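Enquirer: I have a structure I would like to understand better, so I am pasting it below and will then ask my questions one at a time.
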Amino acid sequence: MSAKKTAKILKLKETNKTLQATNKTLEANNLHLKQAAADANSRAEQAELKLLQAEKKWSETDQKLAEKNKELEALRLDFSHGLRADELQARSRASPRRKDRSAGVEDAYLRAQKEMILKFKAGQTSWATPEPSEDDSDDGEGSEISSGEDEPEPNNESPEDQHPLERAPTKGLVRRSNGGGQD
């Protein structure tokens with residue numbers, strides 16, 4: 001064999017070794033790239049699952065928010081109805097003759113009022129009759145009628161022994177006119 005052939009064979013052997021080493025490096029890189037691609041795909045799948053879960057949670061949260069908004073609106077309506085009812089109750093309480101009295105209470109009140117009127121007309125009460133005051137000045141102000149209860153009358157019965165309708169009122173009757181107009 002000739003030296004040229006031997007040099008050629010040696011050169012081919014070295015090239016073969018270099019190619020085999022390069023092939024091993026490329027196979028290792030290829031394996032590494034395949035692993036990186038598999039990891040990336042796995043992370044992408046996990047991210048997609050998390051995204052789906054997040055979308056599901058957002059959807060559930062939106063549903064809950066809509067339900068809470070409906071509940072809140074119902075509470076607002078209930079509250080506004082309650083406020084209207086409170087306003088109506090306040091107006092009825094403020095009126096002199098409340099409409100919400102029960103029939104029994106109203107009947108008892110009217111009976112007692114009628115008895116008092118009848119006893120007063122019959123003169124069966126110890127109430128003081130109002131007398132005009134001593135003020136005779138006509139300066140445009142209205143006149144006053146005083147009950148004269150500044151000096152209490154002697155009474156032999158104690159207030160506890162008297163019937164509640166027969167007791168004398170604790171405050172004096174005062175009538176004031178406003179210069180000729182109707183009261």
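In case you wondered, yes, glycine gets a Cβ from its N, Cα and C as well.
Copied straight from TrEMBL:
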COILED    9-57  coiled coil
COMPBIAS  78-90  compositional bias 'Basic and acidic residues'
COMPBIAS  132-154  compositional bias 'Acidic residues'
COMPBIAS  160-169  compositional bias 'Basic and acidic residues'
REGION    78-107  region 'Disordered'
REGION    121-183  region 'Disordered'
Enquirer: Can you tell me the mean pLDDT for the coiled coil (9-57)?
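Expert: 95, rounded to a whole number.
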Enquirer: DSSP on the compositional bias 'Basic and acidic residues' (78-90): how many residues come out helix, how many strand, how many coil?
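Expert: Taking the compositional bias 'Basic and acidic residues' (78-90) as a whole: 13 helix, 0 strand, 0 coil.
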